[in-house]
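Participant: According to Swiss-Prot:
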REPEAT    100-146  repeat 'Kelch 2'
REPEAT    204-250  repeat 'Kelch 4'
REPEAT    254-303  repeat 'Kelch 5'
COMPBIAS  322-342  compositional bias 'Basic and acidic residues'
REPEAT    349-372  repeat 'Kelch 6'
Amino acid sequence: MKQLPILEPGDKPRKAAWYTLTCPGDKPCPRVGHSCSYFPPVGEAEKGKVFIVGGANPNQSFSDVHTMDLGTHRWDTATREGLLPRYEHASFLPSCSPHSIWVFGGADQSGNRNCLQVMNPEARTWSTPEVTGCPPSPRTFHTSSAAIGNHLYVFGGGERGAQPVQDVKLHVFDANTLTWAQPETHGSPPSPRHGHAMVAAGTKLFIHGGLAGDRFFDDLHCIDIGDMSWQKLGPTGTAPVGCAAHAAVAVGHHVYVFGGMTATGALNTMYKYHTEKQHWTILQFDTSLPPGRLDHSMCVIPWPVMSASDTEDSGSVILSLQDEKGDAAEKPETRSGGSREESPTTLLLCFVFGGMNTEGEIYDDCLVTVVD
């Protein structure tokens, strides 16, 4: 397989192209089942960071945390004090505390977990807060994109081996009140499954695919948290095949799905779903495709570039990531002027780290592609 082009700091990536990021420093070792979160900048001088939390290889579960600084483009280790080893867990950054990373569930070699842990943004240590309400049973639940506002939404997950938990309730954790709840829902929920992609876009949660025993699902379900009604969707276009252990992110009205596994191997395809038009598109790339993979993790990151623009007649559009309602979104601003000049522009990239193929090869690569 051909090598992907390397994206250097300041380079302007093309659409319909995959790139590799090669940042120096203390990089995470090859792993699966980790979480991948974009951490917004704390000060004006910062550009934000990507946090890789936990994960596993065939020999062990990890309790380490690595960060990629998007300003210096270097890897470093972050605090691991207090973090329990886990893989195939969920992570989220609630709007009430956007500089705290929460993790839920997952597993280590001894079994599944259902505890919540949070990284204190100032002390940089992990703690296990006391919560109220009825938590979900211990399970694997691998997502970094199933949160809206202060709430993490949990549906399904892994019980043991290829078997999912039989629970089809929607579990909701409120990071502001430290409370679990199981709200009443309407309609028919998805059948029990694990390894599904679950992603929030606006006020809706989308669930695609997953696995139960030897059955791979290709269905797409949605629940709107406004009315708590489940809906099985019948979208048009070219939809992903039945798969599991894939990853998804949301940008505005689009959901991007990449990778996963089928009964015949690992996938390296990316699909885009338009949430308003209910239409799937398989994306075509001008570059080589990355190696097929499963059990990887993704997030959306900003990528600043310089571009020449004539500001006399029209402003230059600046894009930024918003952490509102758990979505990555585009926020236009304009800058006016009277001459042609180099102006900063921020693109949005889908950032992919790690995973493995079905032959047992585990990855530690960083992949990016433009999303909009």
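First residue shown is number 1, and so on along the chain.
Cβ from N, Cα, C; glycine included.
How buried are the listed features, and what sits near them?
Facilitator: Residue counts of the repeat 'Kelch 2' (100-146) by helix, strand and coil are 0 helix, 17 strand, 30 coil (DSSP-based).
According to DSSP, the repeat 'Kelch 4' (204-250) comprises 0 helix, 26 strand, 21 coil.
Here the repeat 'Kelch 6' (349-372) has a mean pLDDT of 98 out of 100.
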Participant: Looking only at residues six or more beyond either end of the repeat 'Kelch 6' (349-372), which have a C-beta under 8 A from one in the stretch?
Facilitator: 4, 7, 13-15, 17-23, 27-32, 34, 36, 38, 50, 52, 55, 57-58, 68, 247, 249, 251-252, 254, 256, 258-259, 261, 265-266, 270, 285, 290-303, 330
Participant: Could you give the number of helix, strand and coil residues in the repeat 'Kelch 5' (254-303) as assigned by DSSP?
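Facilitator: Reading the DSSP string over the repeat 'Kelch 5' (254-303) gives 0 helix, 26 strand, 24 coil.
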